[in-house]
Amino acid sequence: MTALTRFAHSRSSWFLLTGTAIGLEAAALYFQYVMKLDPCVMCIYQRLAVFGILVAGLIGMTAPKYRLIRILGASCWAVSATWGLKLALALVNMQNNPSPFATCSFLPEFPTWMPLHEWFPAVMLPTGMCTDLPWRFMDVTMAEWMVVVFSTFLVIWLLFIVPILSGSTKPSLYK
């Protein structure tokens, strides 16, 4: 078993994924409440995608020695990172090519059975506009940084998918 496979089968790899997502969620709340940067609806959707990566890490952390658990975690990771990248690219396009006809909505379009913006308004209620560019770091906007973040999550997923899918050297039906 290679070192990468051993790491993918360990709790620490999934803990690292979870910790990274928690750090990103904490940074989002810092930007919102300390720096007073209002999140737009696309930002809220990206926040939800990061939460999906957090859930993926928690799934993988429960029992990383079992292939089925690793596959469930990796699937959630891939879907969330892909969806987040799609949203981040759409937001970058919206900010780089502003149009009065192509704006984002004021309220998120969550399912009626799961109105997260009503249940958790402090975290999931958008208060900003998608075309606002209030913050830059190294001349890169927050939306562009999120493209980097979600792309990195996907590249790491690509590096880990084969070790995640591989079984352990111990004979077992589930490993």
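Just so it is clear, glycine is given a Cβ too, placed from its N, Cα and C backbone atoms.
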Study note, to complete from the structure: Expected hit for transmembrane segment in Swiss-Prot across 49-64, 129-144 is 49-64
**Study point:** In Swiss-Prot, Tyr33 and Glu118 sharing a membrane side
**Key:** yes
Review point. For Cys40, which disulfide partner does Swiss-Prot record out of Cys43, Cys76?
Key: Cys43
**Study point:** Beyond the flanks of the topological domain 'Periplasmic' (31-48) by 6 or more, those residues with Cβ under 8 Å of it
**Key:** 25, 84, 87-88, 90-91, 94, 104-108, 116-117, 123-130, 132, 134-135, 142-143, 146, 150
Practice item. Identify, in sequence order, the residues in the chain of Cys104 (disulfide bond) that are 6 or more apart from it along the sequence and have a CB within less than 8 Å of its CB; answer 'none' if there are none. Key: Cys40, Val41, Met42, Met94, Met129, Cys130
Practice item. Please give the sequence-distant neighbours of the transmembrane segment (145-163): residues at least 6 beyond its ends with Cβ less than 8 Å from one of its Cβ atoms. Key: 2, 4-5, 7-9, 13, 24, 46, 49, 53, 74, 77-78, 80-82, 84-85, 87-89, 91-92, 137
**Study point:** Cys43 (disulfide bond) CB neighbourhood, other CB atoms within 10 A
**Key:** 25
